[in-house]
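Asker: Got a structure for you, questions after.
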Amino acid sequence: MGQNQSAQGGAGEKKDDKDKKKKYEPPIPTRVGKKKRRAKGPDAAMKLPQVTPHTRCRLKLLKLERIKDYLMMEDEFIRNQERLKPQDEKNEEERSKVDDLRGTPMSVGNLEEIIDDNHAIVSTSVGSEHYVSILSFVDKDQLEPGCSVLLNHKVHAVVGVLSDDTDPMVTVMKLEKAPQETYADIGGLDTQIQEIKESVELPLTHPEYYEEMGIKPPKGVILYGPPGTGKTLLAKAVANQTSATFLRVVGSELIQKYLGDGPKLVRELFRVAEEHAPSIVFIDEIDAVGTKRYDSNSGGEREIQRTMLELLNQLDGFDSRGDVKVIMATNRIETLDPALIRPGRIDRKIEFPLPDEKTKRRIFTIHTSRMTLAEDVNLSELIMAKDDLSGADIKAICTEAGLMALRERRMKVTNEDFKKSKESVLYRKKEGTPEGLYL
């Protein structure tokens, strides 16, 4: 009985061993058909490439020589980088020392005179002059009398040179975009347009005409007449028609706060005009600086007279202006200094009178061409009236008539609107003061 039980237990153990042997085991993975993973990181960069074939042959020798060349190039590059590191650090250190010597902030001055290689006389914006030293790191080739230099704020030593020393005020005076006005926008003034073309446009576009005639073209013109007769408008049309550089300035801009800044601005204005020649310089309201000279104890009046003297020198000085034409405008020509408007400086004086009936009609036609007029509008009544209307007054009448129609929510301008606007414009012109905004 016991033997049977032991036999049965042995058979069960053998059966369990067979089950264990039959347990599934996955096959060993193979590398056939799979890409070998590339090692990454610094270890891969330092590892030399494998060279095949493994046997000794000439092909293996050539590959090893090529690897050697690459390693030598890498070694040379690393040594050069290591050698340049101290130089870069040295340059950075020297640059910081130069910045410390210059100091911050740096003031801007004008170089008046170079005494020797290490000393110069400079002037500041307040007008005072100083005998100062020139530091060794300043480029001496760029130093010349009249240039703008950087000064140390404590000892006023020259620590640098401004490469672009163009006055920002002169840069603003240069027109980047031509005005929209053309000769077609000017009513009448046919004679004035012809004269300014002969004096300004033709010498720049066709100088050979004057050479064949054996004459020198005019250097400049002055436009004078009552206010609102089209002087500035004609200058805008000239700027639109010509491709020359156009510089415009108002006479009051030449009057500066500090001593000597006004003449300096005039010199800078004409210097920029020469650099960008052919060019046209338009000076509006010239009576602000060009009035008759008289004895005065006021420092401001003497500064204005010095500015005018510099303007006289630029117009007809020792140096020729070249292809630089000057247009001046004023409504008080009787107050100008005779030396300013004499022949040789201003060769042509173009008068702008008040418009006659024919000119008034053309001006009204220009300003009403885009307006929607009612059938009862009769512009002849406004034109035939004996009122002293300038071109600006006619434009104001048309604008006021359009505003009256807009106020009453009408799309057409009537004859009554023109009558009321004319009365309003003439009343304001007579009184000289604008009407009250609130009634």
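Each Cβ is built from the backbone N, Cα and C atoms, and glycine gets one as well.
A quick note: this is a predicted structure, and the numbers were derived from the prediction, not measured.
In case it helps, Swiss-Prot gives these features for our protein:
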type: BINDING; residues: Gly225, Pro226, Pro227, Gly228, Thr229, Gly230, Lys231, Thr232; note: ATP binding site
type: COMPBIAS; residues: 12-25; note: compositional bias 'Basic and acidic residues'
type: COMPBIAS; residues: 82-102; note: compositional bias 'Basic and acidic residues'
type: REGION; residues: 1-48; note: region 'Disordered'
type: REGION; residues: 82-104; note: region 'Disordered'
Asker: Since the record lists Thr229, Thr232 as binding-site residues, which of them has the fewest other Cβ atoms within 10 Å of its Cβ?
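Answerer: Lowest Cβ count within 10 Å among the binding-site residues (Thr229, Thr232) is Thr232.
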Asker: Name the secondary structure element type, per DSSP in three states, that contains Gly230 (ATP binding site).
Answerer: coil
Asker: So if I measure Cβ to Cβ from Lys231 (ATP binding site) and keep only same-chain residues at least 6 apart in sequence, which ones fall under 8 Å?
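Answerer: Non-local contacts for Lys231 (ATP binding site): Leu223, Tyr224, Gly225, Ala329, Asn331, Phe352.
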Asker: For the recorded ATP site formed by Gly225, Pro226, Pro227, Gly228, Thr229, Gly230, Lys231, Thr232, which further same-chain residues have Cβ atoms within 8 Å of the site's Cβ center?
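Answerer: Those within range, site residues removed, are Asn331, Phe352, Ser390, Gly391, Ala392.
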Asker: For the binding-site residues listed here, Gly225, Pro226, Pro227, Gly230, which shows the highest count of neighbouring CB atoms within 10 A?
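Answerer: Per the Cβ count within 10 Å, the most buried is Gly230.
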Asker: Determine the Cβ neighbour count for Gly228 (ATP binding site): the number of other Cβ atoms within 10 Å of its Cβ.
Answerer: 21
Asker: Helix, strand, coil residue numbers for the compositional bias 'Basic and acidic residues' (82-102) per DSSP?
Answerer: 21 helix, 0 strand, 0 coil
